[in-house]
Amino acid sequence: MNTYLDLCRFILQKGSFRNDRTNTGTKSVFGYQMRFNLEEGFPLLTTKKMNLRSIIHELLWFLKGDTNICYLVQNNVNIWNEWPYQKYQQSAFFQNETLKEFLEKIKNDPLFAIKHGNLGPVYGKQWRDFNGVDQIKFLISEIKTNPNSRRLILNSWNPPLLNQMALPPCHVLIQFYVHQGKLSLQLYQRSGDVFLGIPFNIASYSLLLMMVAQVTNLQPYEFIHTLGDAHIYSNHLAQVQTQIQRTPKKLPQMILNPDIKNIDDFKFSDFTLQNYQCDGILKGDIAV
């Protein structure tokens, strides 16, 4: 994954310090592209240990059209917890619960989860019901019947609903491309947290590419990741400096259950990662 480390080095060398919405501060560049050939292995970062379980569960959650953190919390996936908890803290229902206590209520009290666990019409809602359109169903049908189309688009940016979302989509637009029996996917990401988010996004959208390729009888080929504002938060600079000193290892292989022919039939047990060798964990706080 030298491709990713090159991005880190580029930002460290060429980036500008900027203020941001979270008041954390970033070092940032605008406009950057990375390419990952899935025939060379599954692009899961090896210069720090990645939480693949969270990546898979979040992607399945998107594909279910779900927007409530309850499923994620029940599967010990914590990447979306801060946003509904922050909203709950500002509500009249807040009784000084800690984040841990809040999550226990989400996990064990269905009515509480319905009321306080929803993120608004975020990714899953837009993927499966964009103003009445199931974009995933349409995409798969189009790839099968009209593979040369230049309209194989998945869009998460729905302007009238942005202010109802806990966080407007960062990974905004996806385009698929079919050539000689191979399927590629390009993601445009308006904003990318290079230390925490980007490695997660690379693996997630590469996995989505593999899933869609399987159910459309194509071979997964290339994931292209195009970034708008690519930034390293100021409180992640030390971790990134550590990471770029590490030597990438050979990429692992991701095996999908070959019996799955429908995108909605995938479950967590249908994914097997083989030969993953990595360096140790590098932690960093998420900016909310």
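The backbone N, Cα and C atoms fix where each Cβ goes, and this holds for glycine too.
With a cut-off of 8 Å between CB atoms and residues at least 6 apart in sequence, the same chain places Gln189, Arg190, Ser191, Gly192, Gly197 near Cys170 (active site, nucleophile), listed in sequence order. Per Swiss-Prot, active site, nucleophile is recorded for Cys170.
According to Swiss-Prot, the dUMP binding site annotation covers Arg21, Arg150, Arg151, Arg190, Ser191, Gly192, Asp193, Asn201, His231, Ile232, Tyr233. Sequence-distant neighbours of Arg151 (dUMP binding site) (same chain, six or more apart, CB under 8 Å from its CB) are Glu142, listed in sequence order.
Neighbour density for Asp193 (dUMP binding site): within 10 A of its CB lie 22 other CB atoms from the protein chains shown. Per Swiss-Prot, the feature (6R)-5,10-methylene-5,6,7,8-tetrahydrofolate binding site maps to Asn51, Asp193, Ala287.
In this structure, His231 (dUMP binding site) is part of a beta strand by DSSP.
Counting only the Cα atoms, the space from His231 (dUMP binding site) to Asn51 ((6R)-5,10-methylene-5,6,7,8-tetrahydrofolate binding site) is about 21 angstrom. Note: the CA-CA distance between Arg21 (dUMP binding site) and Asn51 ((6R)-5,10-methylene-5,6,7,8-tetrahydrofolate binding site) rounds to 27 Å. Here the binding-site residues are Asn51, Ser191; the one with the fewest Cβ atoms within 10 Å of its Cβ is Asn51. Distance from the CA of Asn51 ((6R)-5,10-methylene-5,6,7,8-tetrahydrofolate binding site) to the CA of Tyr233 (dUMP binding site) is 20 Å. Counting other Cβ atoms within 10 Å of each Cβ, the binding-site residues Arg21, His231, Tyr233 show the lowest value at Arg21.
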